[in-house]
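Quick notes on the structure that follows.
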Amino acid sequence: MVRTFRSLFFGGLAMLVAAIFLSMPASALAREYGLNAPTATAYVYVLSELAPTYAIHVAEQRHEIRSRDAHAVAYTVATQPLTAWRFNVMLAHRHAYRSRLTLLGPVLTARRPAPPFLWLAKGRLLKWRPRHRTFALKTCDCTALKTCMSTAQLTCNHTALYTCNRTTLKTCKGTAMAKPHEKLAESLAILKKLQEGGRRIFKSDELTRVHRERLLQNGFLRDVIKGWVMSSSPQAQQQDTTPWYASFWEFCSLYCNERFGKDWFLSPEQSLLLHAEAPTIPPQVVVNTPKGSNNKITLLFETSLYDLKVREMPAELTEKNGQRVFTVEAALIRVPESFFQRAPIEMQVAMASVRDVSTVLALLLDGGHSAVAGRIAGAFRRVGRDAFADEIVAAFKAAGYDLREADPFARQSGVTTIAAGVPPLVARLRAIWESQREAIIEVFPKAPGLPYDKDAYMKFVEDIYESDAYHSLSIEGYSVTPELIDRVRQGSWNPDIDEEDRRNRDALAARGYYLAFQKVKDSVAAIINGAPGGALTRDKHREWYRELFVPSVTAGLLKASALAGYRNHPVYLRGSQHVPPRTEAVADGMSELFDLLEAEKEASVRAVLGHWLVGYVHPYPDGNGRMARFLMNAMLASGGYPWTVVRVDDRKAYLTGLEEASSNMNVKPFAALLAERVKWSADQTK
């Protein structure tokens with residue numbers, strides 16, 4: 001009864017007030033309440049049945065606001081300056097109130113009472129209902145130019161009373177819409193800041209949704225798994241593994257730290273591979289953690305991470321390249337015997353890094369691992385560290401154990417002696433050389449010896465230049481024609497006069513190849529006259545490299561520092577699981593490679609392993625393939641083999657052979673391909 005009476009009373013009061021104000025001219029209303037004329041006129045029509053129709057007229061004619069319905073009047077009322085106080089006015093959603101305007105109150109921060117028509121409309125009293133979250137002012141892009149960028153789709157549809165009325169028509173008109181390239185530049189600036197320190201992996205929430213989606217769309221980011229993205233390049237193809245392999249270990253570290261804190265560590269096998277600086281990306285990484293769920297997380301390019309639940313964290317842990325791993329000594333006693341046969345090179349490198357056997361011995365004795373001790377003793381003896389083996393055997397016998405020494409490398413050939421304390425890359429190159437040389441000797445034809453007719457040999461080298469340059473540059477991806485090669489050789493290529501020659505990347509590469517070929521040819525002439533191939537190549541290889549890139553430096557396409565030699569930054573090979581050694585190891589690796597070349601007696605082994613291991617170390621910023629083929633032919637000459645061309649037609653088999661050698665330590669397919677090409681060249685000289 002009371003509620004009905006209240007509704008009738010206020011409804012009648014609303015109708016009375018409406019009648020009073022509808023009879024009041026707009027000018028009088030403006031004077032009475034301090035309103036400007038357009039606002040007063042809008043209020044008069046708000047209280048009439050013509051409000052929806054007139055709202056459009058007022059919006060378009062008086063206030064230059066584009067509107068499809070009466071929502072525009074709400075924007076007008078909300079943004080018009082009122083004398084001495086500020087009103088916060090809204091319109092209910094048109095679907096809720098059938099496109100009929102309804103003004104809501106009350107007034108906030110008013111210095112005097114509000115006009116009663118702000119409280120009453122359509123003859124009824126309206127109350128604020130928080131559940132009405134959708135307002136007529138859903139966005140502020142209802143202006144003529146649609147340029148209110150600061151509030152559009154951002155706050156208006158989530159704020160009740162105070163945001164949109166701060167944005168005036170003048171402000172909206174004065175805001176210029178950013179162009180697409182300006183937006184992308186803003187996103188890239190944010191990404192660059194995140195990349196400080198060499199980061200490539202980011203949590204998705206480190207970027208706002210707008211910036212993240214823009215960078216993903218333009219190829220600067222790529223999704224890894226839900227919640228994680230990585231840096232990429234717009235030039236990278238969808239199937240290009242390079243960005244992922246470059247980011248793989250960083251992702252593993254950040255993901256595990258985020259999910260497990262410090263309570264995680266890698267398996268003993270993976271720990272040893274990292275200590276040995278194994279260069280390949282594993283298909284799966286096993287993460288041990290008390291917080292694990294025995295779950296496989298599928299990653300990009302058929303890689304995965306498996307979180308294995310364990311009871312507790314071991315004590316013998318350290319950090320290697322951001323990964324929590326076992327120490328070398330702890331990992332050695334935890335890996336199974338089969339790992340010595342699956343990864344013999346890595347095991348040799350790891351064992352060479354052990355400087356004192358007492359650490360290993362303490363772990364073996366504390367755990368009573370007599371069977372493991374026999375295996376470790378046999379392994380140390382196999383790699384030439386007899387003193388370590390004897391110490392382990394003696395200590396266990398003194399402790400009352402019956403230790404039986406066994407060689408875990410029994411099925412492997414090519415296990416070599418590696419001195420303690422050598423850098424991992426040096427130890428790896430020695431182990432590779434020893435383990436792979438026999439496979440090359442098996443498939444390669446016997447070396448003919450230094451040529452008797454040296455002039456004929458060098459004439460063949462000169463004659464084959466055009467074919468060699470075409471195929472070698474084409475393998476590297478340059479578009480080079482025989483006509484361009486001939487023009488370079490005849491001297492008609494002139495970047496000082498011809499602007500096109502100066503800009504042509506392919507022509508610059510061809511010119512550089514010609515200059516380098518002349519230097520290599522001089523070295524070959526010295527070798528067939530008795531100069532030691534390994535020592536001469538050590539002395540001359542930097543000169544070969546400089547000649548390759550002098551034209552590009554002269555033309556201004558490269559900085560002069562490009563001629564300095566070995567790289568000073570990490571590199572990653574497109575489409576390869578092999579990751580070249582870190583920059584700091586390159587100099588040691590190349591020095592060891594030339595030591596191995598000088599010590600090797602078989603020219604075929606020098607040629608094949610020399611070629612492969614230049615690419616394996618990847619010492620240069622660019623031109624590694626060309627340099628590897630130059631070195632190969634210099635080493636072939638040291639055995640009297642003819643200059644050999646690897647054809648672009650054989651590119652797939654050639655790159656597959658190199659990948660098999662680098663990733664699986666199997667050089668035989670690569671050696672067989674080179675042997676076939678050597679035989680073909682030999683037939684051409686007859």
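FYI, residue positions are counted from 1 along the chain as it appears here.
Keep in mind that glycine also has a Cβ here, set from the backbone N, Cα and C atoms.
Annotations in TrEMBL come from automatic prediction, not curation.
Taken from TrEMBL, the feature active site covers His618. For His618 (active site), the Cβ neighbour count at a 10 Å cut-off comes to 25, with all displayed protein chains included.
Taken from TrEMBL, the feature ATP binding site applies to Asp622, Gly623, Asn624, Gly625, Arg626, Met627, Ala628, Arg629. The secondary structure of Ala628 (ATP binding site), as reduced to three states from DSSP, is helical. In sequence order, Gly610, His611, Trp612, Val614, Gly615 are the residues of the chain that are 6 or more apart from Ala628 (ATP binding site) and have a CB within less than 8 Å of its CB.
Annotation source TrEMBL lists domain 'Fido' at 545-676. Taken residue by residue, the domain 'Fido' (545-676) breaks down under DSSP into 86 helix, 1 strand, 45 coil.
Sequence annotations record features per position, and here TrEMBL assigns signal peptide to 1-30.
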**Item:** Pairwise CA distance, Gly625 (ATP binding site) versus His618 (active site), rounded so that it is a whole Å
**Value:** 9
**Asked** What is the pLDDT of the domain 'Fido' (545-676) when averaged and given as a whole number?
**Response** 91
**Item:** His618 (active site) and Met627 (ATP binding site), Cα-Cα, nearest whole angstrom
**Value:** 10
**Request:** Spatially speaking, which of the binding-site residues Asn624, Arg626, Arg629 is closest to His618 (active site)? Use C-alpha to C-alpha, please.
**Result:** Asn624
